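Feature list (source: TrEMBL):
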- Asp277: active site (ACT_SITE)
- Lys104, Ser208, Ala209, Phe210, Leu211, Glu282, Asp297: ATP binding site (BINDING)
- Asp297: Mn(2+) binding site (BINDING)
- 172-388: domain 'FAM20 C-terminal' (DOMAIN)
Amino acid sequence: SRRHKLYRQELNLTSAAAPLPLRPEASWLQFQLGISRDGLYPRSSPAVARLLRDMQAIPTVGADYSQDEKALLGACDCSQIVKPSGVHLKLVLRFQDFGKAMFKPMRQKREEETPEDFFYFVDFQRHNAEIAAFHLDRILDFRRVPPTVGRLINVTREILEVTKNEVLQSVFFVSPASNVCFFAKCPYMCKTEYAVCGNPHLLEGSLSAFLPSLNLAPRLSIPNPWIRSYSFEGKEEWEVNPLYCNTVREIYPYSNSNRLLNIVDMAIFDFLIGNMDRHHYEMFTKFGDDGFLLHLDNARGFGRHSHDEISILAPLSQCCTIKRTTWLRLQLLAEPEYRLSEVMRESLLQDPLAPVLTQPHLLALDRRLQLVLGAVARCIHAFGEAAVVANDTARALSPAEHRAQPDT
């Protein structure tokens, strides 16, 4: 609009800056180069530490809707029971050195619980859940959640003034309380009551580092075998058939790879954070069938600390299998000197938005961990440890390593 163009000219926002060369030492690039078949980053990664610092401090140079929200513009089906992802506003923020991060703004205060009557598919998305999920994933030694950090964003200076998207510019307004607000541009969302607002300009949010582009690192998006019924009625087969896992085990690739064990890892992670919304999972094609599963989009976790959704553990309880490394890590985090809630509390103190979780949510982690260990114990009692606990610590030798072995 003419008003926005004049505004940008007045603030000198239209002058094009000289293109910056890509620095090999940029934290964004170093993080992406560090991805391996073992996880998104090594256990001790200076690049990730620098990336977290950069995401919370470096000025933004651009802002835009995410690709899936762009696809929804003007095309939302308001009759759908499950609203598309555009109902939960998220933006792509760009930084110097070609860095990009997904920004999810604060929609729910930390002390608020998701109402009991909410279905999981209409729940809020919580910025602090994304932050806490990254820390928990790292503590569990999965390293499958992209680095995520909290940040206070000045929505005027760091979004409105740097975006070139006129649609995004057009959804900014000043509320009756003189706060700067904006909302998603979608038919059922074009209402000020769905907006997020600064105070008056500052807004809490989470920033999750982007993975390499699909051109450089192709990924598959695969339906979760334990997907839920996304309607008010009806159930999936796994919800009514306790022997459902026998069917899954006969289907490629769950029949002859690590995939099922990775599904169980993901289920344990989701149970600990209370996430019922894992309808798909992604994985890098480069690492084949045994590659790790990416634990993306965790904003629907940490909604109800007072409720433990046991059904999330169905892959574990129905298949009765778990990696030895996962089992040992869970047992360690149940020990008094390494109590999960305390390790999480200490880890989350590193985030600029600390405290990220309230005390009841931290204590819920300890309670849920005991429920996971109880489920494993019941499996071991029924089938024996050798049948339940998969030894993933013994790494197969490569052909070159075989050749290097001395003759006996």
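The backbone N, Cα and C atoms fix where each Cβ goes, and this holds for glycine too.
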Between Phe210 (ATP binding site) and Asp277 (active site), the C-alpha gap once rounded to whole angstrom: 21
Binding-site residues listed as Ala209, Leu211, least Cβ neighbours within 10 Å: Leu211
Which of Asp277, Glu282, Asp297, all recorded positions, has a Cβ with the fewest other Cβ atoms inside 10 Å: Glu282
Euclidean distance between Cα atoms of the residue listed as 'active site' and Lys104 (ATP binding site), Å: 17
Neighbouring C-beta atoms (10 Å sphere around the C-beta of Phe210 (ATP binding site)): 17
Rounded Cα separation (Å) that holds between Leu211 (ATP binding site) and Asp277 (active site): 21
Pairwise CA distance, Asp297 (ATP binding site) versus the residue listed as 'active site', rounded so that it is a whole Å: 9
Residues near Ser208 (ATP binding site) in space but at least six apart in sequence (CB under 8 A): Ala101, Met102, Lys104, Glu130, Phe134, Pro146, Pro147, Thr148
